[in-house]
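Beneath this line is the structure, given in structure tokens, with notes to follow.
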């Protein structure tokens, strides 16, 4: 007799869970109760769900599970940043990072085991690509981190918090391993769970999707679930961006900027964040700043300058701090809202661009990288 694989409830958004409970003879309010137990109270035992009928709990125990990915390693940085390495099977692992600050707690989650975009300055891209994560594996990172952090630091924080500061995790950014918009069908239900009042109850302004510029899926996200958007820009012209972000060859800057403008009509914020990794001698000259100013004036945006975090075999160097300061000042003098990201967790390789996990590459990206990364990047101006 064949056994039916239990359904992992972490992978179901409100509609999917309501439909499932309905198939089992339950009412919609039962699905809402169940969703609150799973995502708000971080419960993984159906026996603990005391306001559910006993026979329904028994049914759940037979047919469903609440199961996050196994954690292989947890690391803590001297600055309070925490990183988890989750086992996704078959020799692959992904990384998730929690960044505590005085006014917020940000969780950076992954959407793929590896990444096919292969940005030149990103450690994840250097590892290659294995597979997309399932919704349960994406939301499971949030579920696990919330559960662990509330147990570890939640009580102390909540005791001293005001009414508006009761969350350990107040912001979620999809800036970990992978390109979220190339795993859209699994990412979308995860986003909806983050926003759902019976799920994690985050506002659209506090959930950010970062993309390297998958234009058609940016348009879909604007219609389906318009959260805050960050775009990995990293170059002010097509010639240089073709080298740094190969996806630019498919969706060049003109198309990308037009998609950003369309997204703004639906976005929860009145600007797009452009991320710009500062690379010594590559994209950090005064001429690059001049070109970037011209680009930034075409769409309402904020520039986030990111110090490059080196990794083996990158062949790249971080821009010196004085150069970053001058570059940022030129942008601000031109009226462009500009911030310089503070590096967090670099002592545990948890900073921007350092997440690598463990990836069994199915795309031969690592082989191609061995050849291509020996070729110097041209310092290109428009």
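Each residue, glycine too, has its Cβ placed from N, Cα and C.
Record check, Swiss-Prot: S-adenosyl-L-methionine site residues include 178, 179, 232, 233, 234, 309, and the candidate from 170, 210, 319 also listed there is 210. Checking each of the recorded positions (95, 108, 115) against residue 179 (S-adenosyl-L-methionine binding site), the C-alpha distance stays within 10 Å for 115. Of the residues the record lists as binding S-adenosyl-L-methionine, namely 178, 179, 210, 232, 233, 234, 309, the two whose Cα atoms sit farthest apart are 19 Å from each other. Note on proximity: among 95, 108, 119, 122, the recorded positions of the record, the Cα nearest residue 210 (S-adenosyl-L-methionine binding site) is that of 108. For the pair residue 233 (S-adenosyl-L-methionine binding site) and residue 95 (active site, proton acceptor), the C-alpha distance works out to 23 angstrom.
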